[in-house]
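Novice: Submitted below is the structure of interest, expressed as structure tokens.
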């Protein structure tokens with residue numbers, strides 16, 4: 001029997017970030033709705049052509065989204081909060097749900113599992129669902145008519161969709177009965193339209209599962225697939241399926257897709273427990289998350305073992321390709337060849353699947369490949385420092401209460417001190433100067449002069465707004481990780497390696513190919529210049545080791561712990577130099593602290609062990625008079641508040657404005673006695689919040705948090721916002737702080 005290939009999650013942004021440009025042009029009234037949708041359809045067809053031409057057999061559809069695929073499902077099933085009903089245009093309503101408007105707060109946005117992709121959390125009010133728009137059918141028809149190809153529509157399954165809404169299990173069970181008819185109607189319509197195969201993504205199946213969840217899933221798919229002629233495949237990824245035997249042998253579907261790269265236990269389960277003889281095994285053998293070339297020898301060995309269990313195998317990627325840039329070819333001449341030859345992005349994954357298929361079906365020889373060797377980029381001094389770390393001795397002294405008193409006496413800050421997270425708006429002019437400098441159109445001297453002028457502007461604006469602790473604005477930084485990766489040894493920066501983070505926001509994850517170390521200052525010059533302009537304290541701001549690691553592509557030959565420690569030691573040198581040069585507040589941003597948390601509970605303690613140590617390693621040797629801040633993005637804060645406390649940062653700011661109720665509930669059960677700033681407004685939306693809105697958040701916060709420890713700040717950096725809305729929002733934030741201080745007089 002000849003095996004086939006399929007893929008899923010191909011990047012939707014376009015090879016030249018066409019989606020980003022079209023979205024931002026539409027939001028800025030530069031193009032019409034018709035033009036935006038024409039771009040979308042063009043990208044859908046273009047992506048399908050790329051997959052088709054690579055030799056992949058089963059081509060996916062319904063994977064394109066104008067903003068987020070979970071939001072697409074909310075709109076498709078009419079899970080639209082009532083506050084958005086006043087917007088009559090469906091497309092504008094869709095974007096308002098994602099981004100908010102001046103009058104309407106956006107839906108919450110959070111990380112998708114343990115990735116750096118953000119999704120829009122469903123906000124389910126009515127508990128009534130209806131199939132309003134059949135987007136999967138529309139895209140199936142578009143590709144059928146354009147390319148004469150029958151595609152495999154991809155949808156998110158009901159279990160994962162409801163779990164993504166962050167509901168308790170009682171509500172998930174109740175809503176599953178309500179949403180099932182809408183899903184059923186969708187599948188019936190696809191079946192009637194000639195769809196032969198459908199992929200239903202249920203990555204929530206890799207989480208730890210209770211017995212009632214297993215029963216719910218079994219019942220859902222029994223009803224969902226009843227009477228259908230199309231083949232239903234359940235796709236899982238990011239980890240091994242939980243309750244393998246109970247689910248895989250009982251769910252009424254045609255096949256299962258398993259991650260055999262990050263879910264090693266899947267392979268063990270198949271080999272020891274077997275696989276249903278009447279189902280297809282979709283083997284995820286090429287990685288959707290890391291950029292390293294597939295080792296064909298290892299994969300062929302694994303497939304030989306799988307063929308002893310079942311001959312019904314289809315080859316695929318392990319997880320959505322959306323986490324990879326589009327092609328390595330776009331980096332030729334930019335990244336050195338010996339590093340480039342180690343890499344494989346989305347298009348190369350398609351090629352790898354075809355190579356494997358031909359080797360199995362036709363006996364074609366596998367191409368000769370040198371093994372990936374990171375050791376040639378090693379540094380003995382770095383290895384020596386890592387081996388001498390005493391993890392039990394990484395502690396700050398004295399205790400927090402004494403340190404904080406010393407710091408606040410020295411800094412002379414008022415009650416409810418105000419600050420921002422770090423970045424200020426990066427205008428077109430800022431981006432142009434940076435591009436001109438990188439392309440050799442202006443000199444380093446001209447570029448630095450411009451950056452220093454922007455720093456002067458930012459400091460002046462902050463002083464005029466009467467903000468207490470200032471920042472330099474980060475105008476020299478393209479991205480909070482890329483900036484440090486460019487300056488540290490051991491990282492490669494791509495030129496076109498864009499990956500979608502959310503909506504129109506794209507990032508370029510650096511590639512860690514060797515040992516990491518610091519051979520020059522990273523932030524000192526800009527920070528000292530800003531401090532020279534003002535008597536107010538200016539924060540030195542750096543991205544922490546865990547976030548740099550999590551938002552990069554790590555090497556695979558050593559542990560993530562060791563990579564994080566290498567980065568932490570490099571950052572520690574920078575922290576101590578900033579302190580030596582007179583900077584009194586240093587912020588180590590760790591927005592991805594929780595993001596890399598293993599999905600299985602039994603693997604989480606080990607993760608927290610090295611992530612906490614990485615932060616402490618960066619900060620433990622500073623003076624007690626130096627105040628250490630950290631910033632984190634919200635994601636299930638309640639579950640990890642004790643781990644965040646263990647970082648022993650003097651002040652933490654949290655991205656919490658879209659989920660403030662959930663954040664505050666954490667403090668009802670945990671006495672957090674360090675400094676804390678809960679973001680008082682949402683920077684992901686262009687709306688300017690009122691003073692009253694912010695005061696309400698502060699009041700709720702200080703009912704649970706000691707007011708002497710409470711800081712007031714936005715919930716994230718301001719890089720993506722415009723100056724007008726930034727100044728207006730910060731003005732209201734300072735007014736809110738002053739109003740709170742007056743009450744305490």
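Positions of Cβ are set from backbone N, Cα and C atoms, glycine also.
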Novice: Name the one residue among 517, 551, 610, 711 that Swiss-Prot lists for the same 5-methyltetrahydropteroyltri-L-glutamate site as 17, 18, 19, 20, 111, 505, 506, 595.
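Specialist: According to Swiss-Prot, the candidate sharing the 5-methyltetrahydropteroyltri-L-glutamate site with 17, 18, 19, 20, 111, 505, 506, 595 is 551.
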Novice: According to Swiss-Prot, 421, 422, 423, 589 bind L-homocysteine; identify which of 463, 464, 474, 639 is listed for that same site.
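Specialist: Given 421, 422, 423, 589 bind L-homocysteine in Swiss-Prot, the matching entry from 463, 464, 474, 639 is 474.
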Novice: Other than 421, 422, 423, 474, 589, which residues of the same chain sit close to L-homocysteine? List them in sequence order, counting a residue when its Cβ is within 8 Å of the Cβ centroid of the site.
Specialist: 420, 471, 480, 541, 587, 631, 717, 719
Novice: How many neighbouring Cβ atoms, not counting its own, are there within 10 Å of the Cβ of residue 684 (active site, proton donor)?
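Specialist: Other Cβ atoms found within 10 Å: 21.
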Novice: Between the two most separated Cα atoms in 421, 422, 423, 474, 589, the residues recorded as binding L-homocysteine, what distance in Å do you get?
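Specialist: Across 421, 422, 423, 474, 589, the two farthest Cα atoms sit 13 Å apart.
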Novice: 19, 421, 506, 633, 716: which of these binding-site residues has the sparsest Cβ neighbourhood within 10 Å?
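Specialist: Across 19, 421, 506, 633, 716, these binding-site residues, the one with fewest Cβ atoms within 10 Å is 506.
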Novice: Checking the spread of the 5-methyltetrahydropteroyltri-L-glutamate site as listed (17, 18, 19, 20, 111, 505, 506, 551, 595): what is the longest Cα-Cα distance, in whole Å?
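Specialist: Output for 5-methyltetrahydropteroyltri-L-glutamate binders 17, 18, 19, 20, 111, 505, 506, 551, 595: max Cα distance 28 Å.
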Novice: Of these binding-site residues, 17, 111, 631, which scores lowest on Cβ atoms within 10 Å?
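Specialist: Lowest Cβ count within 10 Å among the binding-site residues (17, 111, 631) is 17.
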Novice: Name the residues of the same chain, 6+ apart in sequence, whose Cβ is under 8 Å from the Cβ of residue 422 (L-methionine binding site)?
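Specialist: Listed in sequence order: 471, 473, 474, 480, 539, 541, 587, 589, 631, 717.
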Novice: Considering Cα atoms only, can you say which of 421, 423, 684 is the nearest neighbour of residue 716 (Zn(2+) binding site) among these recorded positions?
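Specialist: Checked the recorded positions 421, 423, 684; minimum Cα distance to residue 716 (Zn(2+) binding site) goes to 421.
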